[in-house]
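Working notes, structure below.
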Amino acid sequence: MPMESGSSSAARQTKQKRKSHSLSIRRTNSTDQDRMGLQRDMLEGQSSETLESVSRMEDSKLPLSLRSNLLELFSQIEREFENLYLENIELRREIDTLNERLAAEGHTFDGADLAKGALKTKASHSTSQLSQKLKTTYKASTSKIVSSFKATAARAVCQLVKEYVGHRDGIWDLGITRNQPVVLGTASADHTAMLWSIETGKCLLKYMGHQGSVNSIKFHPNEQMALTASGDQTAHIWRYMVQLPTPQPVADVSQTPCEDDVDFSDKDEADGEVEGPIDCPSIRVATTMLRSHQGVVIAADWLVGGKQVVTASWDRSANLYDVETSELVHSLTGHDQELTHCCTHPTQRLVVTSSRDTTFRLWDFRDPSIHSVNVFQGHTDTVTSAVFTVGDNVVSGSDDRTVKVWDLKNMRSPMATIRTDSAVNRISVSVSQKIIALPHDNRQVRLFDMSGVRLARLPRTNRQGHRRMVCCSTWSEDNSTCNLFTCGFDRQAIGWNINIPSLLQEK
């Protein structure tokens, strides 16, 4: 008899628990209904406010066409926010349900044996993981709508002006001469570097002194000298003399607005053999060879004044050389993995190096007796490049699909963060308009301002634009025909004319 009474009491307790659990579910459902009703009222209130703002616009002095365009944009934004708001409500409800389930499971397994305690821990862990995933989705959807809203801030007009074809392998890097004559330089995996006429697209000179892939090309600030870095573990300095051909009339190509929301064709054209330039003079011997590295030299640049150069290598070090004597002045060590890029400040003795260890380092050579270094850990994957701007900013790009803008005076946290959908390669910043050009692995090139607002995406179809990974971009401040150049692993460089009307009006 005592055994029977004990089992019946246990059964009654189990029934009471089930009833209380069902009551809590009913209360949760009623609470959700009340919440949904309140959210509908909020949406209706937002809609009424929008209608009031639209009615006020009808009394404005704006032209009818501009007013109608604004109304259409406002209605689209309102619909997107409404859909996102409802989606976030549903996500919040699922999060609350999971949290309640977690609490209920914890109550159910109270007093259980060790095996059941382990089961409870596993269930709690999986439930919390799902809850965190829903929260991440919630944040991602919110950032998506904010990014789409930012994209309407400006409108760019982009025109493909000239294609520079002649390399037999992918082009890693390109640069523009800083003095007259203004020419375009390209560095290729076919072991050569070429100089091009910007107006005609004709090859003016070919450098053939390297025994490996040419990974970087930079021009001296005052003299007709080029600095190239190569996979043969050396960097070369070589002099050039070119004569620009007579410019030919450029074909009239209609300007195309940069469409951010249009899906262009992703079909690759057939990769035929590209014939090399005809009657292109060549140089085979360098003026100076820099040989101290024990690995691939991935990048090189001139320090201000042009008397010293810095090189970055896969041997995890950067070297500072004296140009006149070719001697190693300093070896900059500290990175934990291979270096990917180096850049010098245009007016000060500052160097920034990027690495696969997810960091970039700022080296200060302004004081000859002290060579300080600062380490910045703002990315979660390989930092592919970090460049200086004319002001006190550094812009870094990474394989983690972000670009960050930093202030040299306060580099604890970035001023702006740009999130993209593809890895970012060697970026560049326009001196005059302060526009950041982002070359991507997915064959796209996007333009942003320094505050992180997206300005444009360069047009890309199966007839124009890059057909493979875009490796590098550079801006030209002196040439009126092309002010942006890009290169990729489709063996070509492209010259673009970029016009941002809103930025020109601000000037």
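In case you wondered, yes, glycine gets a Cβ from its N, Cα and C as well.
Curation plays no part in TrEMBL annotations; they are all automatic predictions.
Database features (TrEMBL):
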- 74-101: coiled coil (COILED)
- 1-13: compositional bias 'Polar residues' (COMPBIAS)
- 22-31: compositional bias 'Polar residues' (COMPBIAS)
- 1-39: region 'Disordered' (REGION)
- 164-206: repeat 'WD' (REPEAT)
- 207-238: repeat 'WD' (REPEAT)
- 290-331: repeat 'WD' (REPEAT)
- 332-373: repeat 'WD' (REPEAT)
- 376-416: repeat 'WD' (REPEAT)
State the residues, same chain only, that lie 6 or more residues beyond the ends of the repeat 'WD' (376-416) and have a CB under 8 A from a CB inside it; answer 'none' if no residue qualifies.
340-341, 343-347, 350, 352-356, 358-362, 422-429, 431, 434, 436, 438, 448, 450-452
For the repeat 'WD' (207-238), how many residues does DSSP put in helix, in strand and in coil?
0 helix, 17 strand, 15 coil
For the repeat 'WD' (376-416), the mean pLDDT of the predicted model
92
By DSSP assignment, list the helix, strand and coil residue numbers for the repeat 'WD' (376-416), in that order.
0 helix, 21 strand, 20 coil
